[in-house]
Each structure stands twice: as structure tokens, then as C-alpha cells.
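Engineer: The structure follows.
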Amino acid sequence: MTTRILTGITTTGTPHLGNYAGAIRPAIVASRDAKVESFYFLADYHALIKCDDPVRIQRSRLEIAATWLACGLDVNRATFYRQSDIPEIPELCWLLTCVAGKGLLNRAHAYKASVDKNVEAGEDPDAGVTMGLFSYPVLMAADILMFNAHKVPVGRDQIQHVEMARDIAQRFNHLFGQGNELFTLPEAVIEEEVATLPGLDGRKMSKSYDNTIPLFGSAKQLKEAIARIVTDSRLPGEAKDPDSSHLFTLYQAFATPVQQAEFRADLLAGLAWGEAKQRLFELLDAELGEARERYQALIGRPAELEDILLAGAAKARRIATPFLGELREAVGLRSFREQVKVAGEGKKKAAKSARFVSFREPDGSFRFRFLAADGEQLLLSRPFSDPKAVGVVSQRLIAQGADALELREDEGDQFTLWLDGECLADSPPYADPEELDAAMLRLRDIIAGLAGAQG
Ligand code: TRP
């Protein structure tokens, strides 16, 4: 089975070298693993929580999208999209909001920090706290659970949020899963090996310390930033200690072992800081030069970026749309055309909660699934253009019962369902002819049960 990896990038800033080494580079490497399905997205709804400057929001979305693509993310492998292009996410967020305990969210670090600050300042505890900030973890849970991610690579400050997503998923499964796992329980992954880069002043490289090296500035900007790296005052010719120099740490994060060893030896032998900076510049320029060109080209063609992201959204929605249909069904937001469940209750055991679940495809067509009482999928319909057709067909199946039902075995491992000479639905594939036969019998039985229950 493949592992689903998912992570979001809040679109409030411009990516710097620290983001590249700590998040972007490892994520892109991970996405090339054939055993992994990766989902990377721009968390632009989350960005709105922290930023009310539309220009900055838009700029950052564009820059971050271009950065990931320029750094080599292959959108044919990974699913790369904007959160705000997936309407199923805010809808799921509401379903989760309705089961998330307020007490759970009261404990979120980000919210608590705001409250503590207010209290210290003698203000109302919730001064300046929006519902967006308070509900931040629920939206994040929706991001993760929408795609049933197994692993969520995040920074330490986000572990609690992934744990909350787990809690909320568990609660939802318990309330609505009828013994099935509707949601996969996600796990946070902290990459211990990836570099946390020091910034110009030696503290962790971070926008909030204003000590960053821009990732895709011009070569001149890169050089200027490197010139500002703080070093000790040892003179040219004096031995430098590589292990206490963050310039060396920066170099290490991008150099081969051989390069590292040479640089170390040269520093010990008295290399001047000015020259050391030049070496770091050359190393970074070599690592980033090509990507910088790709980045500039992408930024210059925003319409193309838009197309790439919309294609990513369509790909993501091929999963999100039917899954949300199942979740709506699970909580009781069901079509009135599917009253079989109520009507049939208590009559025949097999039919008790076999059910039709209809959903809309990204292309606008409609389909239904027919699920057994245990949630196993028995049929997936062909697409219909009219949403009513789904209801009509399911009603006819029930009304006409097993006798009208024509099941045809495919050459392969599947069967199809026909009504009045029209192929309406396909079964899932089965392992062998015996299983296939058993599944056909069972389907007849269940449909007969539904018809009986209604009659
Ligand atoms: N909150 C995350 C951050 O600030 C970004 C994010 C949003 C995210 N949704 C997510 C990360 C889902 C992982 C999974 O870093």
C-alpha cells in the first residue's frame, strides 16, 4: 500500500533558504519515492487568518507556487493545489467543527499564547482573537483528513495541530463510522535529519528575526545577504573554528562531503572570512542558479501557473468530491430520494442499511455508489448528467426488485448491472470467479430485501 504524505504551506511570505533546506527540498525528494503519494498545497485560507493584506496574500501564493515548481516538484507525481480551490475542504471543516470539542481548541498553543498575552497586558482575554485563529486547527484537520493522509511532515510548532486532527478524526469515526474507519488517523512526522539553517546572525533562519537569505533573489542580492553573515573577528591567516561558525553550518547544508572537508581544512588553515563568504556564495549560486532561472520564468507567466494549479485542484477533487459525498451521507445529509433506509428499517436484516450514496464528479456529472450494510461498495454507477437520474434509477432498482435486475459478467473480474437494456453500474473487481459469483448473489439478495422492505 502506498503511504499518503500531505503538507500545507501557509502563503504569507516569500520562501527563504531556510524554508528550502528545511521543508521544500526534503518534500520534493520524498515525493519521488514510488511508494509514496504526496499532496502539497498552498494553505491560503490559513494565510487569511494571519494577514489581511490582499496584495501580500496574492503575491505570496504566486511566489510559493513558483518556488515549489522551480525547485523540481513533479506535478504528475505529486498532487499540488491551492486549498482555496477545493470547496470540499471548508465544507468538511464544518462537519468537523460540529464534533470538535471547544475545550480541545481552548488548549491550542497559538490561541493560548494570544490569550496569555492579553491577560498579561490587562486586556480582555479574547481581545483581537478571531474565530479564524481559534478554529485554525479544525481547518487544518480538514486539510489532512480530506485526503486521508497517513503522514504529515511539519515543524515542531505544528505537532499539536496534527494530534488534534487525530482526535477529531477519532471522534468522527466513532460517531458516524458504524464500525468503519471513515478517516485515517494521521501522524505528524518531524524530520530530525533535515537542516534547521542558522540565519545571518546565527539564530534560526526565520522571517521573524529578519535574518534570512532570499532563495530566489538575484545573484547580487544573494551576495549582499552573505556579506551580512556575522563572523568572529579573526584576521586572514588566523585559524577559524568551523564548528562554532554558522557560516560553516550553512556551507555544510549544501556541500558534498568532500567539499565540506576541504572547507573545514581551509578555515583551520586561516582562510579569510571574505574568501569564505565568496566560497559560500559560489556554492549557493551553483545550487540555486538554474532553479532561479526557472523561477523567474514561472513568475513571468502567471497564467501558466494558474493552469497548473487548477489541474492540481481537479486531481485533488477527484478524491475529495466522492469522499465528501460519503461523509455527508454518514452524518445524515442525504437525498430525500433515498428513503429506503428508513422505510426498510427493521424488516430485513441484509437490507437494513444497504444504501445508495450519490455524489457529483468534478466534471459536473453525477454518480451513485451502492454500499452494503457494512459499507463495502457493491456498485459504482456510470455517470449521469441529470442529478435526478440517480434517484430515479435507485428507486427503479428497488421498485422492480431482483427480477428486473440483469447482471452481466465481464470477461475480466467484474460484473455490470443493466436495466432495460442500459448498462448502469459496475461492480468492483473481484479476486476470482467464485468471489464474483458470490458478490452477484449477494447483490440480488440485498436488492430483493430492499424491494420487500418497501412493498
Ligand atoms: N499550519 C501549517 C503551518 O503554518 C500549515 C498547514 C495548513 C498545514 N494546513 C496544513 C500543514 C495541513 C500540514 C497539514 O505550518
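Glycine too: its Cβ is placed from the backbone N, Cα and C atoms.
Below are the features listed in TrEMBL for this protein:
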BINDING   Thr10, Thr11, Thr12, Gly18, Asn19, Gly155, Arg156, Asp157, Leu197, Lys204, Met205, Ser206, Lys207, Ser208  ATP binding site
MOTIF     11-19  motif ''HIGH' region'
BINDING   Asp143  L-tryptophan binding site
MOTIF     204-208  motif ''KMSKS' region'
Engineer: How many Å lie between the Cα of Lys207 (ATP binding site) and the Cα of Asp143 (L-tryptophan binding site)?
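Structural biologist: Lys207 (ATP binding site) and Asp143 (L-tryptophan binding site) have their Cα atoms 25 Å apart.
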Engineer: Mind running the binding-site residues Thr10, Thr12, Asn19, Asp143, Arg156, Met205 against ligand 1 and keeping the ones whose CB falls under 6 Å of it?
Structural biologist: Thr10, Asp143
Engineer: Determine, to the nearest whole angstrom, how far the Cα atom of Met205 (ATP binding site) is from the Cα atom of Asp143 (L-tryptophan binding site).
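Structural biologist: About 27 Å separate the Cα atoms of these two residues.
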Engineer: Highest Cβ count within 10 Å among the binding-site residues Arg156, Lys207: which residue is it?
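Structural biologist: Of the binding-site residues Arg156, Lys207, the highest Cβ count within 10 Å belongs to Lys207.
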Engineer: Determine the mean pLDDT over the motif ''KMSKS' region' (204-208), rounding to the nearest whole number.
Structural biologist: 90
Engineer: If one measures from the C-alpha of the residue listed as 'L-tryptophan binding site' to the C-alpha of Leu197 (ATP binding site), what distance in angstrom results, rounded to a whole number?
Structural biologist: 28
Engineer: Measure from the Cβ of Asp143 (L-tryptophan binding site) and count the other Cβ atoms within 10 Å, all protein chains considered.
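Structural biologist: Around the Cβ of Asp143 (L-tryptophan binding site), 27 other Cβ atoms lie within 10 Å.
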Engineer: Counting only residues 6+ apart in the same chain, whose Cβ is under 8 Å from the Cβ of Asn19 (ATP binding site)?
Structural biologist: Leu215
Engineer: Give the residue from the binding-site residues Thr10, Thr12 that has the most other Cβ atoms within 10 Å of its Cβ, counting over every protein chain displayed.
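Structural biologist: Buried the deepest by this measure is Thr12.
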